[in-house]
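As recorded in TrEMBL, the features of this protein are as follows:
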type	residues	note
DISULFID	62-71	disulfide bond
DISULFID	100-109	disulfide bond
DISULFID	142-151	disulfide bond
DOMAIN	35-72	domain 'EGF-like'
DOMAIN	74-110	domain 'EGF-like'
DOMAIN	112-152	domain 'EGF-like'
């Protein structure tokens, strides 16, 4: 009989083939008179940290990024939707990253990029941030005597 997870020893005390003894203030129960090493068959998957053998059961200590009775399930770090502002979440073992849409940055794409910060406008023009679906997220307001998208042309 294999039982996965932890068993309360008291629940086996009435079992007709159960034998119990106390060791280090813990009650150890065996059923059938002998204990089999359930960890000998390497039941834990995905480089589990450890297999803990108990009387008629085992318990897997999973490596980071895995869960489940046998550490068989990779945790989907994207399930909590950590990426913001329409970004795409890419799930990896024990980590994720976000692919930000244009105009956003940060680990979770939480920060909006100021397109005027790089001073794209020339010849003392004023940069004005545009909102919406524009292919260029800013507009240059040219001073007299200059024109063009970046106020780069003399008039």
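Every residue number used here counts from 1 along the chain in the order it is shown.
The backbone N, Cα and C atoms fix where each Cβ goes, and this holds for glycine too.
A quick note: this is a predicted structure, and the numbers were derived from the prediction, not measured.
Positions of the features from TrEMBL, shown on the structure.
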residue: 62; record: disulfide bond; Cβ within 10 Å: 21
residue: 71; record: disulfide bond; Cβ within 10 Å: 21
residue: 100; record: disulfide bond; Cβ within 10 Å: 21
residue: 109; record: disulfide bond; Cβ within 10 Å: 21
residue: 142; record: disulfide bond; Cβ within 10 Å: 21
residue: 151; record: disulfide bond; Cβ within 10 Å: 22
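For the pair residue 151 (disulfide bond) and residue 62 (disulfide bond), the C-alpha distance works out to 60 angstrom. With DSSP states grouped into helix (H, G, I), strand (E, B) and coil, the domain 'EGF-like' (112-152) comes out at 0 helix, 11 strand, 30 coil.
Confidence over the domain 'EGF-like' (35-72), given as mean pLDDT on the 0 to 100 scale, stands at 94. In this structure the alpha carbons, written CA, of residue 109 (disulfide bond) and residue 71 (disulfide bond) are 31 Å apart. Cα spacing between residue 142 (disulfide bond) and residue 100 (disulfide bond): 31 Å, rounded to the nearest whole number. Secondary structure at residue 62 (disulfide bond), taken from DSSP and collapsed to helix, strand or coil, is coil. According to DSSP, residue 100 (disulfide bond) is assigned to coil rather than to any helix or strand. A coil conformation is recorded for residue 109 (disulfide bond) in the three-state DSSP classification, outside any helix or strand. Each residue in the domain 'EGF-like' (35-72) gets a DSSP state, and the totals come to 4 helix, 12 strand, 22 coil.
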